[in-house]
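Only one structure is covered here, and it is reproduced in the block below.
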Amino acid sequence: MQINPTTSGTAVSQLEEKNLGRVAQIIGPVLDVVFPPGKMPNIYNALVVKGQDADGQEIKVTCEVQQLLGNNRVRAVAMSATDGLTRGMDVIDTGAPLSVPVGGATLGRIFNVLGEPVDNLGPVDTRTTSPIHRSAPAFIQLDTKLAIFETGIKVVDLLAPYRRGGKIGLFGGAGVGKTVLIMELINNIAKAHGGVSVFGGVGERTREGNDLYMEMKESGVINEKNITESKVALVYGQMNEPPGARMRVGLTALTMAEYFRDVNEQDVLLFIDNIFRFVQAGSEVSALLGRMPSAVGYQPTLSTEMGSLQERITSTKEGSITSIQAVYVPADDLTDPAPATTFAHLDATTVLSRGLAAKGIYPAVDPLDSTSTMLQPGIVGEDHYETAQRVKETLQRYKELQDIIAILGLDELSEEDRLTVARARKIERFLSQPFFVAEVFTGSPGKYVGLEETIRGFKLILSGELDSLPEQAFYLVGNIDEATAKAINLEVESKLKK
């Protein structure tokens, strides 16, 4: 960690004497720069191109050195549009990698890849900054204990639990509740773990980024009245940005998260939406730099790039970074090198189902498709493991029987199968839950359900003790006691109607 100005601040004026080059060639977002002999910048150094365009407007473009070409030339990738740049323009070597603001000042704000605020809320305190390129924590610093990261969301904690300091892949199409699930996790980590979150929008649609920001303000995750009370920092590198920005915005978000973990000793949630866009941007940059493409046209350095990002996301003795990454699967081909490389790093997968969303069951997490390496008796305990397996068996049997029910009806099933179907429908509804961040829309107060309560509830349903209760009593409640109370209310209401 260092206390210094950011690369986008007054540092440039102090460094003008230091190391000056000039632009020799521009091909889209890639620049070749000539420096005096013996004054070559290092790989990953930030360069700043300064000058004026044809209309006399000030131009300032930050680039990152990617290759040393020989003959005092370097090749750099621009972090913003290169419109208006011409050959011969002055280039200043800042002498250091890109550095971005970190710490409490970043909460509630939106940044670009350079760590500059883009939300029109004024400047950010840049006294504490950190370089975006760092090595992963050493083995001796790592916390190797396998611990569950309790989210307070029943379906996640029971069937596909997250690992503290782990990486989770979030799979789901448009409109199945990915954003609401993300916001609920941000809210719950702040309340239950006293932690903060960092959201990295990598190659997002600008509209989606704006929608997320507005929804966060509406739900209180970002506190407009007192910005320091906010629970999240946002870093966006949108679809319209050059590939250099999209390739590095994930590292900017990760750097902010690392500060909260290492210095503030907090549990941090890091969201990356979408990890595929990070790979895609790397592929574009690789082609622009003239590297020979590898399988399916991807960059030959795909595994290395992915590893350098993913290995920094981990638990140390100070705190943890738990990462939730939205994964786009091109043409639904799971063997594509981009998702295949991502899978190697994931500890759990949360799959959102359009079928469940259509039934009105939220969160629409598919209980049978979602997986976790943590769901082992040696880690979660025999009780949790047994309950989760029995819940999955019941739901699987219900799924198998659905075709028969559709053709012949429930009456043709055996007594045992009818009981299984009834319990499975209760389980399906009990896996739904009212969210704190959705209170504004649903009108029902959000519920955080501890792991012990979750296990107790599902054990009661499986044991048959609650067979007499109507299935709608289990819909959108917190713990099992609320379901029994709701059943009594439903009974009273039906009597009054009669």
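Along the chain as shown, the residues are counted starting at 1.
Placement of Cβ uses the backbone N, Cα and C atoms for every residue, glycine included.
Feature annotations, reproduced from Swiss-Prot:
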- Gly172, Gly173, Ala174, Gly175, Val176, Gly177, Lys178, Thr179: ATP binding site (BINDING)
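Taking the mean position of the Cβ atoms of Gly172, Gly173, Ala174, Gly175, Val176, Gly177, Lys178, Thr179 as the ATP site, the remaining residues of that chain whose Cβ falls within 8 Å of it are Leu352, Ala357, Ala364. In this structure, Ala174 is the one among the binding-site residues Ala174, Val176 with the smallest number of other Cβ atoms inside 10 Å of its Cβ.
Within its own chain, Gly172 (ATP binding site) has Lys178, Ala326, Val351, Leu352, Ser353, Ala364 as residues 6 or more apart in sequence whose C-beta sits under 8 angstroms from its own.
Taking all protein chains in view, 21 other C-beta atoms sit within 10 angstroms of the C-beta of Lys178 (ATP binding site). Cβ-based crowding with a 10 Å cutoff singles out Gly177 as the top-ranked of the binding-site residues Gly173, Gly175, Gly177.
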